[in-house]
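Colleague: Here it is: the structure, laid out below.
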Amino acid sequence: MAPAEILNGREISAQIRARLKNQVTQLKEQVPGFTPGLAILLVGNRDDSNLYINVKLKAAEEIGIKATHIKLPRTTTESEVIKYITSLNEDSTVHGFLVQLPLDSENSINTEEVINAIAPEKDVDGLTSISAGKLARGDLNDCFIPCTPKGCLELIKETGVPIAGRHAVVVGRSKIVGAPMHDLLLWNNATVTTCHSKTANLDEEVNKGDILVVATGRPEMVKGEWIKPGAIVIDCGINYVPDDKKPNGRKVVGDVAYDEAKERASFITPVPGGVGPMTVAMLMQSTVESAKRFLEKFKPGKWMIQYNNLNLKTPDPSDIDISRSCKPKPIGKLAREIGLLSEEVELYGETKAKVLLSALERLKHRPDGKYVVVTGITPTPLGEGKSTTTVGLVQALGAHLYQNVFACVRQPSQGPTFGIKGGAAGGGYSQVIPMEEFNLHLTGDIHAFTAANNLVAAAIDARIFHELTQTDKALFNRLVPSVNGVRKFSDIQIRRLKRLGIEKTDPTTLTDEEINRFARLDIDPETITWQRVLDTNDRFLRKITIGQAPTEKGHTRTAQFDISVASEIMAALALTTSLEDMRERLGKMVVASSKKGEPVSAEDLGVSGALTVLMKDAIKPNLMQTLEGTPVFVHAGPFANIAHGNSSIIADRIALKLVGPEGFVVTEAGFGADIGMEKFFNIKCRYSGLCPHVVVLVATVRALKMHGGGPTVTAGLPLPKAYIEENLELVEKGFSNLKKQIENARMFGIPVVVAVNAFKTDTEAELDLISRLSREHGAFDAVKCTHWAEGGNGALALAQAVQRAAQAPSSFQLLYDLKLPVEDKIRIIAQKIYGADDIELLPEAQHKAEVYTKQGFGNLPVCMAKTHLSLSHNPEQKGVPTGFILPIRDIRASVGAGFLYPLVGTMSTMPGLPTRPCFYDIDLDPETQQVNGLF
């Protein structure tokens, strides 16, 4: 018969590499910034191992795979190797890796333990027990196949001879080649015989094979006469034998006597140049396949998420009973369901986690989802259910309409939790769970704000004290101490010198005048705006005297405590867009003025770097879930009066990327639309650059009755009779407030959906009236909602209306230009949003407007600090007040956060405890550790 056709592994592997190169190019085009990653871990420094690795690195480079060669010394222990493997398992830029064998270490290392530490989804060498088990079971699409057997199969397929029904003989049973080759041929429908060192009559067994794969490691063991005529022969051997004709005195031969075998076989692989090049090509193919699987798993699209079914009961159980009736899914599972990588999530137990900002970097090329803001009409003191509506809406969009959806809400302060308000995490069957975690410490963010804020406060008073009690020289020497005879400025001090126009870096070269300017902030105590904070309601800290200890040498001053969430640091964090931006904002925070009227910042105090360290974890959003299993970001909780009252930009941005272009992110703005929504647009959206798609405006029958002239509503007291009996006239009269808030929302060019939050005392006629009037006066739609009693199903109509509204044309626009004078910006808000005739700047406010403009802060947006109980400055005026002049008694600056806040009336920044605080009902069961009485 004619000599066998040569299966040239070099040529075939070159074709495979060319195909892989094209695939990698396409992947990079489809996903900008993405590159398949391969890592090769070497223990020791064997020459042969380095040679093999270099071949793989070169192949990866040609294809476009980012390959990394990790070298560990011979002193490496088994635990150190496994630790490194664990880090590669969690590295999302590495899609496949292998451990080069043998392990060359002076320590005893269990190779099996090391190999099995590799995550199966990254086991591109196919050597883990899981990969072997799946191959043995025939799960070829759910495992990686060892590269040499995989290459052998490709060579066999290259012949064009069908494998199915053929008798295949595999000589050798190693874990790397022989055993997996048997399984691979078996699941390609061959009848397979495996031979080994104990096989009797090996020549007879070999002679039965239509397909023969030899991997024994013994030179030319299989003779040509053993081979069945016309067989396909795949020789995996690489052996060195003496040859005087070769310059190095040896030659390479396979496990088959090639010259004899090629006279009987129909196809045969040469050695070298047969199987060897295919092994490397298959490693590259598996790496590209792993990268594709990674992209498939984390590509934009519908989440594979498991929702929780609610067990609705009547009469309605308490909020806490409802919360505890639904077991949250493990938060790590939820994180995976929504497309977060393990290294992007820091678990805080089973029900809460922090999400790293690296997720935003990874997803930066993904289009954003639809952005929805939930706001409300001017509320009663009881609140109208914005948080409950936010949760109900996302449950409807996710668990019922199967959309990717995220809620982004503020973190509540602990002060009101133990004071008059009680817990807050939505309500009824629309809650964030577990509510105990939501309302208490969560992940410690507010404690971090408190520590950072009070560090600034301590720095202010300490600096005043030291400047009052030391000479310029002594002060300078302590600020720039001599270490081993050398004085050196810190980085933050060099930045201060540059701001002062002193272009020097050597402390010894400063003049006396420069030392004075550098060392003295010369803070005017009367101008200090920075207060200490505490996350507890404590009325007796509203005004205090500090510095009364003898050690302070009589340097006392009057000060106060605010509640922690009133801190500018909280507002700054919520408007931060990155870690670098947060560092800059913290440095810009103005805490006082000097006696010359110059602003003194946290950067001047030298404390901004330390603040960033304290806040490095607080910048990461907190991941929780709703009762029905949809994801929630809980992050930041600034006041809605002296601050902007919105959750963080960072949480919104990460959520918008995670949901993808067809998904929804629903966030809530504090208080009514005239306050929280206006600040959401003019401050938060201005800084984030995000454009909202829909406004959801929450209204209730009881609130409209109040605005229509109903009796006073008081928290803690039963509702008057007018609120629980049908009164269409009162509802229609009070609709004026809802109409005005619809107009306010539409002023920004965004479609408005009115959510009529229904209570059991409301009648259908009242609810229908509100919906009809809303549509007649500009709302895109208005729907009745029963999500408190029914969960997501009760907000289904609302969710569908939001979907339609998100597709409607919109033209988002801000209300004012930042370049306008401060007074004009205030006037625009007062007239257009509140309906005032004009504003009146009282002397202190006029003075502050001039000072801040002179200091360079006049171009900041305006954050109005006004009562939330009326469109006017008078909380007793309901409906739509007219003919009033809005008095501005003062203007203050949150320069780090990035806004000026005019004060309309008096704002309390430290709540007090009532006669009977909520803490009377709160306790812990010592046996179950269950929190009772929180709400």
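Placed from the backbone N, Cα and C atoms, the Cβ positions cover glycine too.
Model, not experiment: these values are computed from the prediction.
Here's the feature list from Swiss-Prot:
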- Lys56: active site (ACT_SITE)
- Tyr52, Ile53, Asn54, Val55, Lys56, Val99, Gln100, Leu101, Pro272, Gly273, Gly274, Val275, Gly276: substrate binding site (BINDING)
- Gly172, Arg173, Ser174, Ser197: NADP(+) binding site (BINDING)
- Thr380, Pro381, Leu382, Gly383, Glu384, Gly385, Lys386, Ser387: ATP binding site (BINDING)
- Met1: N-acetylmethionine (MOD_RES)
- Ser318: phosphoserine (MOD_RES)
- Ser413: phosphoserine (MOD_RES)
- Ser490: phosphoserine (MOD_RES)
- 310-935: region 'Formyltetrahydrofolate synthetase domain' (REGION)
Colleague: Around Glu384 (ATP binding site), how many other CB atoms lie within 10 A of its CB?
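Modeller: Result for Glu384 (ATP binding site): 21 neighbouring Cβ atoms inside 10 Å.
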Colleague: Would you please pick out, from the binding-site residues Gly274, Pro381, Gly385, the one with the fewest other Cβ atoms within 10 Å of its Cβ?
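Modeller: Lowest Cβ count within 10 Å among the binding-site residues (Gly274, Pro381, Gly385) is Pro381.
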Colleague: Just name the most isolated of the recorded positions Lys56, Arg173, going by other Cβ atoms within 10 Å of its Cβ.
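Modeller: Counting other Cβ atoms within 10 Å of each of the recorded positions Lys56, Arg173, the minimum falls on Arg173.
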Colleague: Report, as a single number, how many Cβ atoms besides its own are within 10 Å of the Cβ of Tyr52 (substrate binding site).
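Modeller: So the Cβ neighbour count for Tyr52 (substrate binding site) comes to 18.
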Colleague: Determine, from DSSP, whether Ser174 (NADP(+) binding site) sits in helix, strand or coil.
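Modeller: Looking at the DSSP assignment, Ser174 (NADP(+) binding site) belongs to neither helix nor strand, so coil.
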Colleague: Consider the binding-site residues Ser174, Ser197, Glu384, Ser387 and say which one has the Cα lying nearest the Cα of Gly274 (substrate binding site).
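Modeller: If we rank Ser174, Ser197, Glu384, Ser387 by Cα distance to Gly274 (substrate binding site), first place goes to Ser174.
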Colleague: Please classify the secondary structure at Gln100 (substrate binding site) using three-state DSSP.
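Modeller: The three-state answer is coil.
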Colleague: Around the NADP(+) site (Gly172, Arg173, Ser174, Ser197), what further same-chain residues have their C-beta within 8 angstroms of the site's C-beta centre?
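Modeller: Close Cβ neighbours, site residues excluded: Val171, Gly178, Ala179, Thr194, His196, Ala215, Thr216.
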Colleague: Specify the nearest of the recorded positions Tyr52, Lys56, Pro272, Gly276 to Gly385 (ATP binding site), where nearness means the distance between Cα atoms.
Modeller: Lys56
Colleague: Taking the centroid of the Cβ atoms of Thr380, Pro381, Leu382, Gly383, Glu384, Gly385, Lys386, Ser387 as the ATP site, which other residues of that chain lie with their Cβ within 8 Å of it, listed in sequence order?
Modeller: Gly376, Pro379, Thr700, Ala703
Colleague: Just to verify a number: CA distance, Asn54 (substrate binding site) to Arg173 (NADP(+) binding site), in angstrom, no decimals.
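Modeller: Just about 28 Å between their Cα atoms.
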Colleague: How many Å lie between the Cα of Gln100 (substrate binding site) and the Cα of Ser387 (ATP binding site)?
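Modeller: Cα-Cα distance, Gln100 (substrate binding site) to Ser387 (ATP binding site): 55 Å.
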Colleague: Quick one: Cα separation, Tyr52 (substrate binding site) versus Ser174 (NADP(+) binding site), in Å?
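Modeller: Spelling it out, the Cα of Tyr52 (substrate binding site) and the Cα of Ser174 (NADP(+) binding site) are 20 Å apart.
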Colleague: Under 8 Å between C-beta atoms and at least six apart in sequence, can you list the same-chain neighbours of Leu382 (ATP binding site), or say none if there are none?
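Modeller: Once residues fewer than 6 apart are set aside, Leu382 (ATP binding site) is near Arg702, Val713, Ala715.
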